[in-house]
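The next block holds one structure in the form of structure tokens; read it before the comments.
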Amino acid sequence: MAAKSKSKGSSVPNCFGYPLSIFFIVINEFCERFSYYGMRAVLVLYFKYFLRWDDNLSTAIYHTFVALCYLTPILGALIADSWLGKFKTIVSLSIVYTIGQAVMAISSINDMTDQNRDGNPDNIAVHIALSVTGLILIALGTGGIKPCVSAFGGDQFEEHQEKQRSRFFSIFYLSINAGSLISTVITPILRAQECGIHSRQQCYPLAFGVPAALMAVSLIVFIAGSGMYKKVQPQGNIMVRVCKCIGFAIKNRFRHRSKEYPKREHWLDWASEKYDKRLIAQTKMVLKVLFLYIPLPMFWALFDQQGSRWTLQATTMDGDFGALQIQPDQMQTVNPILIIIMVPVVDAVIYPLIQKCKINFTPLRKITVGMFLAGLAFIAAALVQVQIDKTLPVFPAAGQAQIRIINLGNSNANVTFLPDLQNVTVLPMESTNYRIFETSQLKSVIINFGSENRSESIDSTSSNTHTVTIKNAATGIVSSLRSDNFTSKPEEGKNLIRFVNNLPQTVNITMGDTDFGILEETSISNYTLFSGGRTDDIVIVADSTNCTVTSEALGYGGAYTIIINECSEDVTQLRYIEDIQPNTVHMAWQIPQYFLLTCGEVVFSVTGLEFSYSQAPSNMKSVLQAGWLLTVAFGNIIVLIVAGASKLSEQWAEYVLFAALLFAVCIIFAVMAYFYTYIDPNEVEAQLDEEEKKKQIKQDPDLYGKESEADSRM
């Protein structure tokens with residue numbers, strides 16, 4: 001009674017007609033969503049670039065983590081409804097969540113095991129163990145509190161505050177999207193910063209540390225409002241009752257499988273010996289909807305690849321948007337931005353237009369269209385991938401070697417590759433493309449300038465990629481051989497840069513803060529990594545003169561050889577050669593696939609939840625919510641199965657495979673939807689109420705007569 005009088009009295013703090021406690025809950029949700037989505041935005045790149053996992057393993061672990069995050073809500077709901085209550089469950093699991101985020105931040109500290117200070121962790125197993133521990137704790141935390149926070153917020157309202165409760169859920173959903181959008185913009189920027197004690201690396205500790213701090217703030221804010229909350233005691237979990245009812249029906253049916261027992265209208269009717277008719281009828285309605293959920297995980301299998309495959313795809317693209325340099329993991333922000341735009345557009349424009357065309361666009365048809373649009377999004381992703389693949393360099397396979405010749409002289413050079421006997425003429429101040437040979441067919445090169453010749457031996461045992469510089473100097477033919485030592489395209493949009501000295505004297509070269517050292521005539525420096533898209537001052541120090549020039553603005557993800565042809569006080573002449581083509585497919589080409597996927601999400605996800613709630617009994621909403629979350633979990637498990645079993649070498653082919661699977665599932669769902677009969681749970685429950693009332697009249701007609709007499713007097 002005390003709680004009841006307090007909720008109606010003036011002692012409960014109110015703000016604009018809302019319980020003040022809900023503002024603590026909304027802030028808590030914003031901070032928690034910032035923490036989760038901020039960490040998740042950079043996760044796949046952390047796997048790839050820090051833990052040095054390949055694309056497939058990074059994708060597999062990412063989707064395992066997401067699946068776990070959507071499996072644990074059932075555990076959280078059971079704990080809250082059957083044991084601790086919502087408040088204690090949120091506090092307890094938020095502590096676990098905060099610890100997990102802190103462990104992730106610690107796991108990404110490069111200097112923790114970098115004893116030799118070379119910029120690479122010496123004991124990667126320690127970082128992997130900490131990362132896995134942190135992710136498990138985060139999955140338990142975020143999944144465990146997921147079904148509790150919104151329901152706890154709804155508990156704060158009285159029955160007469162339905163309007164305020166409805167607005168609260170709108171504000172609550174807005175806080176989720178705001179936290180997701182802001183964090184997905186900020187954490188990739190934090191990741192792109194360089195930090196470290198002994199060496200400067202991408203700042204994953206900051207990218208994970210800020211979400212950890214926000215989760216701590218979320219916990220503190222939630223606890224701060226403790227004295228204002230209306231805390232409902234746990235009253236048992238309806239999911240447990242439903243599962244027990246189903247289990248008993250199956251067991252009872254198995255016991256009475258003999259033909260001597262008459263068949264019952266529905267297999268759940270075999271639970272009638274133990275459970276009341278109302279629970280059985282409600283369970284039938286729920287199972288009818290859950291049956292429709294079976295094909296839905298395929299949609300989520302595609303949708304959640306935004307954070308894995310699509311982010312990895314963006315790492316091979318050009319993110320230069322003029323004044324902005326977009327990080328690959330920031331492209332995920334396109335989805336929440338489009339959600340904010342598309343939800344009102346679809347509700348206020350698209351659906352009314354469809355109605356005017358007299359098309360019966362039922363909820364199940366909307367879901368079917370959403371799945372179809374997601375499939376189209378992956379077709380678009382495949383087309384983008386085909387264009388990206390055209391720009392990727394071809395590296396020698398096992399048993400092969402590649403070589404390029406750079407002619408620094410002022411006359412034609414004739415080069416013969418032995419023992420293959422292939423010939424190529426290299427024009428003055430030009431270079432060949434990389435030429436690929438079988439290792440056994442590339443032992444040396446013979447260089448001819450007119451009547452002069454010179455031989456250069458090739459050793460492909462230590463490296464299979466070589467560059468030879470040649471020049472017809474006054475003293476004869478000068479040549480220099482350098483092993484290029486790259487086997488893949490530079491990652492994270494960085495560039496590989498090296499220098500060739502074409503001056504008749506020794507020089508010392510510095511670019512930015514990097515010293516390339518002393519280069520003799522025709523000598524080639526080692527490659528050094530630089531951030532993409534930037535310009536740096538190149539300082540050339542020679543015996544007789546010094547010169548400084550600003551480099552060209554290079555692209556992203558390329559490899560460049562810069563040849564120094566002239567250096568004087570007045571003139572500095574440099575020549576740039578692309579050894580590996582930079583990323584030339586712009587990230588903006590990902591926007592169509594994000595647009596299609598977001599449109600699919602709007603008509604699939606929003607409609608799916610709305611349909612589920614409209615078809616479920618009033619006390620079974622949580623069961624369907626758990627079922628909906630499980631479809632997301634199983635969708636991520638599908639990614640693991642399909643990606644692991646397909647063994648496709650081409651990424652575009654994997655995109656097409658996922659699209660084809662979704663199109664097939666879409667057809668199956670359309671058939672299921674065609675035979676589905678919509679029901680009104682309120683009517684069913686009203687009929688049950690009427691039947692129970694008639695049953696009570698039969699059992700005690702005198703009591704019903706007294707109630708009728710009392711009603712007439714009123």
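Backbone N, Cα and C define each Cβ position, glycine as well.
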The annotated transmembrane segment range in TrEMBL, which must be one of 166-186, 586-606: 166-186
Long-range neighbours of the transmembrane segment (623-643), counting only residues six or more past its ends (CB under 8 A): 56, 59-60, 63-64, 66-71, 73-74, 77, 146-147, 238-239, 242, 286, 289-290, 293, 296-305, 308, 608-609, 612-613, 616, 654, 657-658, 661
Within-chain partners of the transmembrane segment (57-78) [C-beta distance under 8 Å, separation at least 6 from its ends]: 40, 43-44, 47-48, 89, 93, 135-136, 138-140, 142-148, 237, 239-240, 304-305, 307-309, 312, 622, 626, 629-630, 632-637, 639-640, 643-644
Range from 124-145, 206-229, 655-676 with the greatest count of C-beta pairs under 8 A to the transmembrane segment (285-303): 655-676
Spatial neighbours of the transmembrane segment (34-51) far in sequence, C-beta under 8 Å, 6+ residues away: 57-59, 61-62, 65-66, 97, 101, 104, 108, 110, 124, 127-128, 131, 138, 142, 179-180, 182-184, 186-188, 191, 202, 204, 207-208, 210-212, 214-215, 218, 307-308, 311-312, 315, 328-330, 332, 491-492
